[in-house]
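Read the structure below first, then the notes.
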Amino acid sequence: MNTKIIMLKEGSLDKSMIKEPAESIKKGKLVIFPTETVYGLGANALDSDAVKKIFEAKGRPQDNPLIVHISDFDEIEPLVSSIPDVARKLMNEFWPGPMTMILPKANIIPDTTSASLPSVGIRMPSNIVARELIKQAGVPIAAPSANISGRPSPTDVERCIEDMDGKVDYILGGEMCDIGVESTVIDCTVDPICVLRPGGITIEMLKRIDKNAYIDPAIMKKPGKDFKPKAPGMKYRHYAPKAHVKIINGDLQKTIAKINEMMQNYIDGNKKVGVMATDETKLLYNNGLVKSLGSRKDMLSISKNLFETLRSFDDDNVDIILSEGFEEIGVGVAVMNRLKKSAGFDILTV
Ligand code: TXA
Ligand code: MG
């Protein structure tokens, strides 16, 4: 397949450039587009054959449902069979933005999109290119992250091209995604609401709407027979670069000392080591390929750079990535969730 790449600027968007990809969505084709979280691989959510092509392009397991994206508030009504009060409050507060609500689905949602579940995830992104594409297509767009299944999600158009060139009809490129981790997925079919996947809308923010809101306890642990995450997608090995990732977490001084010690052992064993550090610590490592995720004072800079940094270590062919850990509050919950999964839960507490 010949993939057409179209570069767009969110700030000064030329809407006419979206016409062709929007038309092609209507015709059942695949279009990659930027969102504020990660790039999405989109198709008409109501067209079962089109949605099947998403699963094929990504190599995605069939039992993992897709999120349906809309461009305006009134587009949610036909897609769901009911909207509880709490969901209305959530959408008024956090849409457009990095929040997906799981609601009972309406019959027009094909089983391919919802993986035969009785519910469906709906999100209204804030990215202007994404919303314009949905609006011009005139249909809701089902879109998982635009990576090959299992790899870190793409936050930059180059990574979409790397994974998906030749497998999709269009790639719309924009600026690097701001948030860098996927949307917060919230089960709104239960009371209190439950976070199935942490993201940019934090539990602290959600508790302002539902004081009893909680995070699915299974998701921060290694999936096993005792801990089965509620969101089908959270059970898979995920966000994994080719190199093995190890997290060292705890007191920062001890973390740095431990990473330096471990690094020397790996280097003595002829391994190429990458260190995922922060602005505050990057000069304190004796050796290895050191990259900073951003400042510890700004967790959004860390989340923004996380996936891209993981993927860039693969370009450098490192054998092992030693990563600092982060406190699990605010966006730190989402960062640690993705980091733990990328490390296959290989985490050392110091
Ligand atoms: O930020 C995002 O959400 C990005 C951008 C493109 O919008 N999309 C994204 O989609 O991350 P995906 O397919 O990579 O992740 C969707 C997650 C999976 O973990 C899936 O299992 C869960 O949402 N999910 C979707 N529908 C669900 C449902 N009805 N019930 C429970 N979990 C659901
Ligand atoms: Mg994904």
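If you go along the chain as it appears here, the first residue is 1 and each next one adds 1.
Keep in mind that glycine also has a Cβ here, set from the backbone N, Cα and C atoms.
Just so you know, TrEMBL annotations are computer predictions that nobody has curated.
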Report summary line: Per TrEMBL: L-threonine is bound by Thr37, His69, Ala143, Ser183, and from Arg88, Arg123, Arg208, Arg296 the site also lists Arg123
Requested in this report: According to TrEMBL, Arg60, Asn64, Ser145, Ser153, Arg197 bind ATP; so which of Tyr239, Tyr266, Tyr285 is the extra one listed there?
Outcome: Tyr239
**Report entry** Check: same-chain CB within 8 A of L-threonine site center, minus Thr37, His69, Arg123, Ala143, Ser183
**Finding:** Thr35, Gly40, Ile67, Pro98, Thr100, Pro125, Ala130, Glu182
Report task. Just give me the nearest neighbour of Thr37 (L-threonine binding site) among the binding-site residues Asn64, Ser145, Arg197, Tyr239, Cα to Cα. Result -> Ser145
Requested in this report: List which of the binding-site residues Arg60, Asn64, Ser145, Ser153, Arg197, Tyr239 have their Cα within 10 Å of the Cα of Arg123 (L-threonine binding site), in sequence order.
Outcome: none
Query raised in the report: Three-state secondary structure of Ser145 (ATP binding site) from DSSP?
Result: strand
**Report entry** In sequence order, those binding-site residues of Thr37, Arg60, Ala143, Tyr239 whose CB lies under 6 Å from ligand 1
**Finding:** Thr37, Ala143
Query - 10 Å Cα neighbourhood of Ser183 (L-threonine binding site): matching binding-site residues from Arg60, Asn64, Ser153, Tyr239 - result: none
Report summary line: Among binding-site residues His69, Arg123, Ser145, Arg197, Tyr239, close to ligand 2 by Cβ (under 6 Å) are Ser145
